[in-house]
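Summarising the annotation, TrEMBL assigns domain 'ABC transmembrane type-1' to A:99-292. TrEMBL lists A:1-30 with the feature region 'Disordered'. Look at TrEMBL and you will find A:39-60, A:98-122, A:134-157, A:169-190, A:271-292 tagged as transmembrane segment.
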Amino acid sequence: MSTDTSPQPAETVPPRVPAAKNGPGREHGEKKTGGVLNVFSHGVLVIWAILVVMPLLWAVMTSFKDDKSIFTSPWSFPSHLHFENWSRAWSQAHMSDYFLNTIIVVAFSLFGTLLLGSMAAYVLARFEFPGNRFIYFLFIGGMSFPIILALVPLFYVMQNLSLLNTIPGLIIVYIAYSLPFTVFFLTSFFKTLPTSVAEAAIIDGASHTRTFFQVMLPMAKPGLISVGIFNFLGQWNQYLLPTVLNTDPNHKVLSQGLVALATSQGYKGDWSGLFAGLVMAMLPVLAAYIIFQRQVVAGLTAGALK
Amino acid sequence: MQHGKYRFIVGFLIVPLAFYAIFVIWPFIQSIYYSFTNWTGLSPQFSVTGLDNYRRMMNDPTFWASFRHSVIYVLVLPVVVLAIALFLSFMLNVGGRRKKGAAVAGVQGSSFYKIVYFFPQVLSIAIVALLFQFLYNPDSGALNAFLDAIGLGGVQPEWLGDPGLALWCVMAVLMWSQVGFFVVLFSAGMASIPKDFYEAALLDGASRATTFFRITLPLLWDTVQSGWVYMGVLSLGAESFAVTQIMTVGPGGPADSTNVLSLYVYQKAFHSGQAGYATAIGVALLLVTLVFAAGVLRMGRRERLEF
């Protein structure tokens, strides 16, 4: 990138003469604008940081208030901390069930996505065979199409297979819709790995399958972690797929459970319980993000930087 | 080496490909076919009706409202999000006080800003939508209480209840949740631009704004472009569905003022028992997506020729 375009700045900046004229004076002026710019940029950056953090802090604060003060004084601090909101949300409002369902679904679908995705990607990256390109583009084509269009017939496909409104059905669909990006990402990752190690394993008598599981997968660990984080967040936060394909109240996952909760708590007027549920769902992900910040950012931006 | 190669290839591809074909590809193909039928989705019987669904679509005011809103989404949202993200990441990377003769420097605490900006990205869009629904609440919601507190008690918009305002309120939520991702993405790209490019330009008397448009933006163009497509797909697809379905009254109201194509497909297919018509609307959504992506990618070619 940089080699093609390095002459760019010199060509495109016309006012050369004034710059050459006032050498030392310009240096002084520059420093001043640097300072003004610095204050300005900090100002702008702080404002956006506040815009991001305030709604989140407000939710945390509200989750400790009683129902009346939520509406009478939305911005005041809670008179005392109503921890009972949290326990009510956890047990009575089924937050514990939603968490459990989400953990089960995401655990299986994440494992399945990484296993099937890496198998397909490995074959597509390392083996020449007729139809290789076609299958690869079939997979990555799925990244840019509106999913909702497929969901209408999919609903009935699932119904015919008796997979509608079941946890295994949801797991399979999560895997299928995570494959395009996973295959896209891991194919290019496997291409960057050296071929010599796998060849040595084959010469030593290992089968292709054994080479894949015992040699290539361990080597692909960084790529698996990146794409694993990407899929974990995508599947944990998934809303559209469960809304359409998983409407059984007993099988609801976190995001749709919260939306259902907003409706039902609305009738009961238990807003504080709802806020406790919201914050309960928010905090584990935020905490995990802060701890694994570097890996999460790398995982989520990895695809876009390619 | 050749021994068992094809058996291995087939063995490894068959399961992923079967999953993908049955649950993604096949439904896509079916949906195109269903768009030419009067299938209700409720009974297995239906007949091919040709272009009837498409003709009906032309005279459906809710379809046109949703279509218009989806087009507004895809034209406005990516541009606004990318512009804010570019501005903020430029501030992060060149807004700092220069030290030891460096031409440009990042602001202090830029990694802190990036961590905070990324928060919304890890949250479920459903949680974000619920949270903002409360912020927008016209009676004693946090936003109106804030306006009241700073002396604007007379200005108490209905937010999501106002047909002229609701669409923009919903779009603002998607904007809030997406900007941080692109700040982090663009910052990584900007950090890899050699500092001497800026130094040379500044020595030649270029202003900061000039360096942005003449150095940063062209060198970042590939990332901006893929971000643009990504953001467009997102603002037509699952995310626009989630925020509209969760936050708006109806959903899609008041008076169809916030409905989008992705939500309208869902409503027709799963609430009105008009699966065939729903897939026709879905095909319209697919066309909007493809036209948008092709448009952005064309723009890229033109830009690159200027070098």
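Cβ coordinates come from backbone N, Cα and C, glycine included.
TrEMBL does not curate its annotations; it predicts them automatically.
Sequence-distant neighbours of the transmembrane segment (A:98-122) (same chain, 6+ residues past either end, Cβ-Cβ under 8 Å): 135, 139, 167, 170-172, 174-175, 178-179, 182-183, 185-187, 189-190, 212, 216-217, 220, 224, 227-228, 231-232, 235-236, 251-254, 257-258, 281.
Outside the transmembrane segment (A:134-157), and at least 6 residues removed from its termini, the chain residues within Cβ reach (under 8 Å) are 120, 124, 164, 173, 177, 179-181, 183-184, 187, 240-241, 244-245. Nonlocal intrachain contacts for the transmembrane segment (A:169-190), taken as residues 6+ away from its ends with a CB within less than 8 angstroms of a stretch CB, comprise 105-106, 108-109, 112-114, 116-118, 120-122, 124-126, 136, 139-143, 147, 154, 158, 161, 163, 216, 220, 223-224, 226-227, 230-231, 234-235, 238, 241-242, 245-246, 251, 253, 302-303, 306.
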